[in-house]
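Quick notes on the structure that follows.
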């Protein structure tokens, strides 16, 4: 690990679209300059795919910095933790030769995801579908119900695992409530107390050595001159407050939550890097103004889907694909206060004869230049496009701006101009070395 260029200089990485922007690769690349990486929201519904020397590694809950020797990995209080999944992820990494337990620290304040959260999540989606209401598109991993318990002040937290009697009492009360919902409203089967409690006590013994006061550790890292990287999950347009509600996730995915979700002040967030695909994708339901049809071979949508290998890391579901939506990007820049952008998957556009970018919308006979807040209005939006000539040369693996095809550079320059934020990095392939650096987040 190289020394940080500026003592205590912290970087926040957030997705600016509907997730799957390629944050994992960028975080892994930036970790060269970080002493620690922090997850601050979401759960194991978030997939982070890293490709290192041609080998693909998929992470869901553990910070992407785990693939770098000597880097501390923190799971902040804003994350909901499924202990069984977490241990499974640890075991898979350690079986592959990655040391995890000595470097992973989990906030005691994290809410727990337990089996009844998963069952409620799945039963709700099934009920929505059968009633004709339409799915929200959750991953079915219990994330939403766990956050509901947190907000209702009844959640079991990681710290409760240290106190078996307290855990048992709270679990009985919580299980009674969720069984009432499962049986009475969702027409699903109730769960039994003993297996849930016994399993929790078993995993508790394995997790206890990794429990920590994450906020204090981050503060001490900065005081010692170390830099910290805050790794966001999902994307801004899935944020519970600022996304395309109700087709959103259950947490705040924006940069401001890096402070609240890890236990530090906002003054610790020095540089905000937004990750943006050179086009747009979305998994699951919800409005998507620049979406393209993908089924027909030879179409742009099919090209983006197949060349981009657009399937969800966690669910395996095909991602919906479309042109870059600069008007939606403007909303993300406004919310996050971005310092700079990293454009990913530029290489997927190689070979297209024409490239389009959504620069605004027509809504009820008027032109608007930023994504509306109302999901029904977004559905009614007709995108306004600018067109660009494509390029025939390959951008795969390019590491210098001047080596990009001229039309690729012109496209990126126009993206930068329309959205009003500087492009500081460009990703030209899945491997960490496939990166063009224009301004370093740890030096800018």
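Each residue's number is its place along the chain shown, starting with 1.
Quick reminder: no glycine exception, Cβ is built from N, Cα and C everywhere.
Annotated features in Swiss-Prot:
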ACT_SITE  20  active site, proton acceptor
ACT_SITE  48  active site, proton donor
BINDING   19-25, 47-49, 319, 345-347, 427-429  GTP binding site
BINDING   20, 47  Mg(2+) binding site
BINDING   20, 21, 22, 23, 45, 46, 47, 48, 139, 153, 234, 249, 317  IMP binding site
BINDING   313, 314, 315, 316, 317, 318, 319  substrate binding site
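Overlay of Swiss-Prot annotations on the structure.
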residue: 19; record: GTP binding site; Cβ contacts under 8 Å, 6 or more apart: 46, 233, 234, 235, 238, 253, 282, 283
residue: 22; record: GTP binding site; Cβ contacts under 8 Å, 6 or more apart: 275, 277, 342, 344, 345, 427
residue: 316; record: substrate binding site; Cβ contacts under 8 Å, 6 or more apart: none
residue: 318; record: substrate binding site; Cβ contacts under 8 Å, 6 or more apart: 294, 305, 310, 311, 312
residue: 346; record: GTP binding site; Cβ contacts under 8 Å, 6 or more apart: 278, 395, 404, 408, 412, 426, 427, 428
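The binding-site residues examined here are 45, 139, 428; by Cβ neighbour count within 10 Å, the least packed of them is 139. A separation of roughly 9 Å, to the nearest angstrom, links the Cα atoms of residue 49 (GTP binding site) and residue 20 (active site, proton acceptor). Looking at residue 317 (IMP binding site) and residue 25 (GTP binding site), their Cα atoms lie 20 Å from each other.
The Cα atom of residue 45 (IMP binding site) lies nearest to that of 20, taking the recorded positions 20, 25, 319 as the candidates. For residue 319 (substrate binding site), the nearest neighbour among the listed recorded positions (20, 25, 47, 139), judged by C-alpha distance, is 20. Taking Cα separation as the measure, residue 139 (IMP binding site) is nearest to 47 of the recorded positions 20, 25, 47. The distance from the Cα of residue 47 (Mg(2+) binding site) to the Cα of residue 20 (active site, proton acceptor) comes to 8 Å. Each of the binding-site residues 25, 317, 319 was scored by the number of other CB atoms within 10 A of its CB, and the lowest score belongs to 317. The recorded positions in question are 20, 47, 49, 234, and the one with the fewest Cβ neighbours inside 10 Å is 49.
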